[in-house]
Amino acid sequence: MLETMKGAIFDLDGVIVDTAKYHYLAWRSLARRLGFEFTEADNERLKGVSRMESLRILLEIGGVEATEEEREEMAASKNREYVDYISRLEPSEILPGADAYLRQLRSQGVKIALGSASKNAGLILSRLGITDLFDAVIDGTKVSKAKPDPEVFLAASAALGLPPAECIVFEDAAAGVQAGKAAGCGVVGIGSLAILAASDLVVSGLQELVV
């Protein structure tokens, strides 16, 4: 499968970089301002969930009531803090094997796209110093439907000028694997076989694919 791919489409968080810790720190900071503790175990409930739904869960944990207007401001304040964290990202925070594998694919003539729901994807790639390794960046500013809807991967393959069947998606989340399959792409899961069993291939990290 990997030998015949013409396009590679990468999810961002958990595949190329791990920004989940910064989401957690920003949510924890908001919780503390509201007068309660928000733990890493609590944070597990927010993975793969939209910002406003994440806020609803956090307020439920803290037993805090808030108007719609207050919720909008809380979500905006959390995002400002998160953006502040990622604006200080260093290239050393790229996950093991990601940089080497991207360069390997480029040397093989494979076209590369990013397919991420993050509205901050451009900033993150810039901070990591790898923007020039991507032929196309499809992120939350260009698509509106969340995974498992295939919109982001269909848009990414179109941006590369390739049919989905000639592209392989690299994903670390079950919803992303579903989205890749629904788009008609091959899928490589990064992480746990138990969670990503629907993938065509599962590896622990991109370092396993570097030759």
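Residue numbers in this text run from 1 along the chain shown.
Including glycine, each Cβ sits where the backbone N, Cα and C put it.
Those TrEMBL annotations? Automatic predictions, nothing curated.
Just so it is clear, the model here is predicted, and its values are computed rather than measured.
Taken verbatim from TrEMBL:
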- D11, D13, E171, D172: Mg(2+) binding site (BINDING)
- 11-13, W27, 46-51, S54, K78, 116-120, K147: substrate binding site (BINDING)
- D11: active site, nucleophile (ACT_SITE)
- D13: active site, proton donor/acceptor (ACT_SITE)
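Shown on the structure are the features that TrEMBL records.
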residue	record	DSSP (3 states)
D11	Mg(2+) binding site	coil
W27	substrate binding site	helix
R51	substrate binding site	helix
S116	substrate binding site	coil
E171	Mg(2+) binding site	strand
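Residue pair D13 (Mg(2+) binding site) / S116 (substrate binding site) shows a Cα separation of 8 Å. Note: the Mg(2+) site is recorded as D11, D13, E171, D172; in the same chain, F10, L12, G14, V15, S116, F170, A173, G176, I190 also have Cβ atoms within 8 Å of that site's Cβ centroid. Within 10 Å of the C-beta of W27 (substrate binding site) we count 22 further C-beta atoms, all protein chains included.
The CA atom of W27 (substrate binding site) is located 22 Å away from the CA atom of D172 (Mg(2+) binding site). Ranking the binding-site residues R51, S116, K119 by Cα distance from E171 (Mg(2+) binding site) puts S116 first.
Counting in whole angstrom, K119 (substrate binding site) lies 18 from D172 (Mg(2+) binding site) by their C-alpha atoms. Neighbour counts were taken at the CB atom with a 10 A radius for the binding-site residues D13, E171, D172; the maximum falls on E171. The highest number of surrounding Cβ atoms within 10 Å, among the binding-site residues R51, K119, is found at R51.
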